[in-house]
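Features reported for this protein in Swiss-Prot:
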- Lys22, Asn23: phosphoenolpyruvate binding site (BINDING)
- Arg92, Arg121, Pro122, Ile123, Asp124, Leu125, Asp305, Leu327: UDP-N-acetyl-alpha-D-glucosamine binding site (BINDING)
- Cys116: 2-(S-cysteinyl)pyruvic acid O-phosphothioketal (MOD_RES)
- Cys116: active site, proton donor (ACT_SITE)
Amino acid sequence: MTYLEIDGVEKLSGEVIISGAKNAALPLIASSILAKNEAQISNLPNVADICTLLSLLKNLGASYTFENNFAKINTKDLNKTIAKYDIVRKMRASILTLGPLLARFGNCEVSLPGGCAIGQRPIDLHLLALEKMGANIEIKQGYVVASGKLKGADLMFDKITVTGSENIIMAAALAHGKTRLLNVAKEPEVVQLCEVLAEAGLDIKGVGSDELEIYGTSGELLEFKPFKIIPDRIEAGTYLCAGAITNSKITLKNVNANHLGAVLAKLEQMGFSFDISEDSISINPAKEIKPVEILTSEYPGFPTDMQAQFMALALRANGVSIIDERLFENRFMHVSELLRMGADIRLNGHIATINGTKELFGADVMATDLRASSALILAALAAKGTSKIHRIYHLDRGYENLEEKFKNLGASIRRLEE
């Protein structure tokens with residue numbers, strides 16, 4: 001097992017290039033199941049979750065090449081419809097193959113998913129929508145077994161679901177007739193999926209809103225055009241927090257500030273300022289790091305995937321910060337590890353109260369999920385002494401070239417063997 005060893009630093013400086021968004025790439029890779037031709041994807045991050053999903057497609061009969069952040073995926077010879085547990089267990093996003101497989105073949109079996117252990121994250125909403133589209137759904141021995149010819153339907157998600165929206169959009173693409181989807185997630189990653197499918201010939205209206213009309217092709221596969229993955233707004237937010245927690249000036253390249261509205265607003269409230277251009281953001285040091293109140297919510301609200309990083313940052317604030325986590329239960333598992341570093345944090349249900357300005361000290365800590373891992377890195381940068389972060393396979397699922405990017409900013413960070 002490998003771990004990261006990080007020395008606390010006074011300041012960071014320099015530039016970091018933001019990778020393509022993993023959470024945009026995953027549904028788009030799954031959507032290649034709907035393609036009659038080769039899908040060509042650029043700016044694809046080389047992280048573990050991407051490689052896992054590509055392996056799953058290969059296991060189903062597809063072929064692909066992937067190098068220098070560019071992939072070609074050919075699903076013409078895809079001839080299997082069982083997404084097996086040994087691959088799916090590695091990450092929850094594998095469930096995104098359910099909608100397109102069922103739409104294309106009329107039957108499939110997809111193992112119930114794995115991934116980060118942050119709450120239930122049920123797929124009930126996916127299954128209910130597919131049933132309303134005419135699918136027969138059973139859960140057998142840990143698999144979702146689905147069959148049936150999909151028909152357009154009027155659907156409304158009881159709660160906003162990103163992967164649910166993506167799955168049903170892909171299912172509706174090849175269905176017979178019109179699907180009307182209400183309460184759709186509006187995340188930039190969902191929007192890009194819709195835009196790519198529209199470019200491929202799908203008649204889809206309302207892109208970017210919470211109401212979509214999708215006119216299915218009755219089984220006819222789509223003609224994909226080459227496309228480029230949007231920048232990763234969560235990776236960008238993480239590096240902005242790295243600049244903030246060390247009160248440094250750093251610059252992010254290949255970033256879309258329009259996707260970071262809530263994150264930038266909270267950093268401004270904490271005293272930081274920015275220089276923003278078309279594809280770059282520079283964060284400037286604060287005269288004083290102020291406390292902040294954060295309520296996580298669906299896009300365009302404050303992203304739950306940035307909650308842990310802001311908790312680490314709030315430890316440097318001059319006062320008491322409040323974080324109210326409304327989207328997932330069990331998403332404060334990083335708190336016990338931050339306490340080991342000297343943090344003063346109190347939990348009451350889904351609300352965390354963070355007392356800032358206390359000194360942090362290097363310690364041995366354990367990553368519990370992807371975003372919690374990045375929070376521990378941020379805390380280690382601001383701590384006195386050396387920290388060791390264990391179970392970093394979580395980081396490798398979602399952050400590309402993390403050590404190199406931090407080293408380029410002046411961090412003292414090493415990957416070592418246990």
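Think of each number as a place in line: the chain as shown, counted from 1.
Note that Cβ sites are derived from N, Cα and C of the backbone, with glycine treated the same way.
Mapped onto this structure are the features recorded in Swiss-Prot.
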residue : record                                        : DSSP class
Lys22   : phosphoenolpyruvate binding site              : helix
Arg92   : UDP-N-acetyl-alpha-D-glucosamine binding site : helix
Pro122  : UDP-N-acetyl-alpha-D-glucosamine binding site : coil
Asp305  : UDP-N-acetyl-alpha-D-glucosamine binding site : helix
Leu327  : UDP-N-acetyl-alpha-D-glucosamine binding site : coil
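When the Cα atoms are compared, Leu125 (UDP-N-acetyl-alpha-D-glucosamine binding site) and Lys22 (phosphoenolpyruvate binding site) turn out to be 22 Å apart. Using a 10 Å radius centred on the Cβ of Asp305 (UDP-N-acetyl-alpha-D-glucosamine binding site) and all shown protein chains, the other Cβ atoms total 21. In sequence order, Pro45, Val47, Asp49, Ile50, Asp232, Gly398 constitute the residues six or more apart from Lys22 (phosphoenolpyruvate binding site) in its chain with CB-CB distances below 8 Å. A straight line from the CA of Ile123 (UDP-N-acetyl-alpha-D-glucosamine binding site) to the CA of Asn23 (phosphoenolpyruvate binding site) spans 17 Å. Geometry remark: Asp305 (UDP-N-acetyl-alpha-D-glucosamine binding site) versus Asn23 (phosphoenolpyruvate binding site), CA distance 11 Å. Taking the Cβ of Leu327 (UDP-N-acetyl-alpha-D-glucosamine binding site) as centre and 10 Å as the limit, one finds 21 other Cβ atoms among all the protein chains shown.
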